[in-house]
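Copied from Swiss-Prot, the annotated features are:
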- G8, R9, A10, G11, S12, G13, K14, S15: ATP binding site (BINDING)
- C786, C1106, C1109, C1115: [4Fe-4S] cluster binding site (BINDING)
Amino acid sequence: MSLRFIYGRAGSGKSQYCLNSIKNRIEEDIDRPLILLVPEQFSFQAEKNLIEVLDEKTGFKTQVLSFKRMAYRVFNEVGGITAKHMNESGKSMLLYNIIEDNKNNLKVFKKAAKRQGFITTISDIITEFKRYNITPEIILNNLENIEGDNLKYKMEDLALIFSQFETRLHKNYIDNEDDLTILVEKLNKSKQFDNAEIWIDEFSSFSPQEYSVLEKLLLKSYRINITLCTDYLNQGRFVDTTDVFSPIKNTENKLLQIIEDNNIKLDKPIALKCDPCARFKNSAELQHLEKNMFSFPYKEYKNETKDICMLKTLNQFTEIENTAKDIIKLCIDKGCRFKDIAVITGDLEGYENIISSVFLQYNIPFFIDKKREINNNPIIVLILSALEVLSKNWTYESVFRYLKTGLLDINNEEMDILENYVLANGIKGYQWTNDKPWEHKSFSNYELEDQALKELLAKINDIRYKAMEPIVTLNKNFKSIDKAKEFCEVLYEFLCNINLPDKIQNMIEDFKVEGEIEKASEYNQIWNIVMEVLDQIVEVIGEEKISLKEFFKILQTGFSEYEIGLIPPTLDQVMVGSITRLRSHNINTLYIVGVNDGIFPSPLKEEGILSDDDREFLGDKGLEIAKDTKSIAFEEQFLVYSTLTTPSKYLRLSYPIADGEGKTLRPSIIISRIKKIFANICEENDIVKLNGEEEELKNISSAKPTFNYLISNLRKDVEGVKIDNIWGDTYKWYLENEFWIEKLNRLIKGFDYTNQSKYIETKKIRNLYGKPLKISVSRVEKFSQCPFAYFVQYGLKAKDRKIFNLSYPDLGIFMHSILEKFSHELEKKGLEWGTMDLNWAEEEIDKLINEELDNKSLDILNSSKRYEYVTKSVKKILKRSIWLIGEHIKRGNFKPSYYELSFDIDGDYPPIAMELHSGEVINLIGRVDRVDLLQKDGATYLKIIDYKSGIKEFKLSDVYYGLQLQLLIYLDAILTELAERSGINGEPGALLYLKLDDPIVKNTVDMSDEEIEKSIIKNLKMKGLILNDPNVIRDMDNIISGISDIIPVMVKKDGGVSEGRSSVATKEEFETLRKYVRYTIIEICEEMLEGNIEIKPYKKKDGSSCDYCIYSSVCKFDTNIRGNKYNILIDKKDEEVWDAIKKKLEYKNI
């Protein structure tokens, strides 16, 4: 019985010493068991290394074990294990059930128990307790020593959960954490390790459970040799936590305590001093890094480095692209093998997709060493979404998550037809399961003939029944059961009914044929996992009564704990992984990417259920559990040391200065430390692009990425930019390669590509737009925004998918309709806006809205609680609006005369006719919300008001560019009709936008009702253009003094209008605007009919017409594509607009 330490710094040859010692023992033919004990994740590599040292005949004489393998060997030898193993999934499901049963008894975790991830947190703390040999009884016995209610109640809750978990678990099961506890007991009966010599390698620390096992082994074995990665032995002295080797020295001290307690001999240690160490014999730089990274003071390396390099990049993508180029270069120039290379990071989740994409492009074989979660696998999605459909009552999201798994007998076309119909009609809940066929006519933005409509509805119902039948049957079977095992049986029957096992097998075969071995392996494991989870539910809580929702939650919890590991498909490949999972020392070349602050070293972890203070307090009371986050942070430096000393030939550290979203990233403290040690370190960056052949050569690596660089340079050449001669030679290589020549020629032809088609034939455009042209004024404005968008919307009639929701236009139309009906009701009853009874008015608004809802004119407002709230808001807005209109009318002499005045063949006025230069007449149609009239001095003044549910400004600049024409053309048309039809001398009074809203007034505590009303009136002040006539202005606001709070006007003390602070125009200017608007509409319509469909969106300083355009995926507008340019509109001042309009009219002789 003895213990011997084999110690030395990283790379000193400790693992090799162990292997050589084993070889020597075999050659000496010593008759005792020889054991090599390593961590589980190192077992494969250790066996491989052992075989390389020993020959095939002698290799079997040594056992390579992990603690878990050792437990199984002993259990097989001495027996005693009758219970089955419960995996992490079963453990989580059991914990979920325990917490649900006891949620009302929990003092601290009652609310937390509902949070996602809580089960995992509880599972982790129970695992921790077991590893540290803490039982529920130990916790309960220590409760009286705990001060402070919060920690005491926490520990009471944990004791309750832990106690019930142990009781229910050990009826038929044990979990993985019980293995070592049982192993300690069984080792007394085992003979396997009697007089054995054991070598323990690659451990930096042990759990209390493992120390207990080691204690037993020390008492049974001949000798235990333990490797320690440290510069010197501590020999029981106090450990400085800032020492990089402090975790190792703590381990040494604990082992020394064990042998002292058991009177076990300590053999003379083996000190592996090296200069250089075996690993770094070919690199003085890496040896210097190992010695000085955590030495204080450090020794500076003055020479330029070639084995240690740094790379600073613009972002993560260019970082990985540069890494790929460097790997290719190393393999070509230095004959490096892919299997000798590793790429690691502290943020594998953030890097793995980029690495996969780039390495595939560069044809670098790689394997990402991580376990994959299974929640996104279609098989798991199908099972959970099927249950979610029933537990959440057939919501759109759950139904189509189920249908879109690709595992059902519904093709994509059928899926699209069904989904479009469901979205258009808001189908959910009972509508899926009732026996009546769906008969809603609204399933598309397009009109269909009756027969086609009937056929499509019949098809939709067929698809519906096919989609819902398996789930309806599942639901029916669920209703007659209440035990967990019965739920599992019914679910399994459902999976068989939809032929899922056969479909999975077919998919696995297809994946194998297509060479997707990883996918085949994944799907093969998933079905076994599903069966395992169902079996565990039956075994653990099979007889318990549960609801469907509980079954869904238990399954969800069970699946969430599973991760699948994949086997590397080939040996010669780059290993990609996390810094914490770096397994092999046989790595020549190591790339550490993402060496940024907060990534490597990793930041402090969250404290978890037990805070650092809790852990410290419990430790002081004798309850030793895992270290607090501060201690772990100190130990992180040993991980840094181990990582940096892994490669034997080449190390490169890289860091981006920004992430994928452009957020700034700072380099890690590791970067600055290494720069201090290596003053002339090899450092590159891709932020500043250098020119020259040497730089361009870096872009020539694998065929595919080099091809992309070639195309980029050829495009520059076409655009007249000088490129390096090297690309001419590269072009020739691809031109002579049969695989690439066709693709090369096709892309070169693409240099002439443009998405523009400025004009189409007049005949075709006539067929699309109709003849004679009948068009609304808003559509004319749409053409001014972008001719192509107009063409797609009104020519091709492309429309967005119809969805059952309430859009702003729908709501605006609804409110306009109610206001129109209310206005006519006023007229019918002989009432006036200024004198109407507000109580009656508000009741009338309620009545009109309720009638509309009863008539289902806007059925969606009856569809949910949310829309009931919207209805209430609409009522408040309209009530506020009629009050506001009444206030406006009280303040003036204009009288409302027309509501929803229409221009159309059957309208109040005929369409607005305009003659083009060709002699053709176009007809403009439209509708004015309200027209108020004022009889004054033998003239009739018009005030045209447009109701808006959003903010709308009046800008002369927009009039000039053809973006704001409606109110002016309506004014012109009404004045023309009054003169021609009735001989009335009409004059412009005002063009105004009135916002329909119920604004919130802040700080109303000290305000009277009158002050609040004034604030609302001011808040809803109308925007527009007013006649510059003080008398007419006073007829709109008879109490105006200074700035009006209802119209955009300010009057001076002398009664005149302050033109600089008002939006006004003279009669002459109104006349000019009328002429200009007519001229502009004619110009626009002629462009339209000539076939102009140019992709030319406008752009102003506050945005462009592309901002909310739904056709961007059609036009693919991109200023990098030839011919794609914005129509830049510069906001002009009013004076500039008047000058520009007058000049244009003079030029056209108008």
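Each Cβ is built from the backbone N, Cα and C atoms, and glycine gets one as well.
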**Asked** Helix, strand or coil at G8 (ATP binding site), per DSSP?
**Response** strand
**Prompt:** Which residues, same chain and not among G8, R9, A10, G11, S12, G13, K14, S15, have a CB within 8 angstroms of the centroid of the CB atoms at the recorded ATP site?
**Reply:** C229, L272, C274, C277, A278, R279
**Request:** Just name the most isolated of the binding-site residues G8, G11, G13, going by other Cβ atoms within 10 Å of its Cβ.
**Result:** G13
**Request:** Determine which residues of the same chain, besides C786, C1106, C1109, C1115, have their CB within 8 A of the center of the CB atoms at the recorded [4Fe-4S] cluster site, and list them by sequence.
**Result:** Q785, F788, A789, I1095, P1097, S1104, S1105, Y1111, S1112, F1117
**Item:** All-chain count of other Cβ atoms within 10 Å of C1115 ([4Fe-4S] cluster binding site)
**Value:** 21
**Asked** What is the total of other Cβ atoms whose distance to the Cβ of C786 ([4Fe-4S] cluster binding site) is within 10 Å?
**Response** 26
**Request:** Fill in the CA-CA distance, R9 (ATP binding site) to C1109 ([4Fe-4S] cluster binding site), as an integer in Å.
**Result:** 64
**Request:** Check each residue in the chain of C1109 ([4Fe-4S] cluster binding site) that is at least six apart in sequence and keep those whose C-beta is under 8 Å from its C-beta; list them in sequence order.
**Result:** C786, A789, P1097
**Message:** Under a three-state reading of DSSP, tell me whether K14 (ATP binding site) is helix, strand or coil.
**Reply:** helix
**Request:** Look at the binding-site residues S12, S15 and tell me which residue has the greatest number of other C-beta atoms within 10 angstroms of its C-beta.
**Result:** S12
**Fill in**
In all the protein chains shown, the tally of other Cβ atoms within 10 Å of the Cβ of A10 (ATP binding site) is 22
**For C1115 ([4Fe-4S] cluster binding site): DSSP state (helix, strand, coil)** = helix
**Complete:** Counting every protein chain shown, other Cβ atoms within 10 Å of the Cβ of C1106 ([4Fe-4S] cluster binding site) number 18
**Asked** Including all protein chains shown, what's the count of other C-beta atoms within 10 A of the C-beta of R9 (ATP binding site)?
**Response** 22
**Request:** Could you list the residues of the same chain, at least six apart in sequence, whose Cβ is under 8 A from the Cβ of K14 (ATP binding site)?
**Result:** I6, Y7, G8, D201, T227, L228, C229, L272
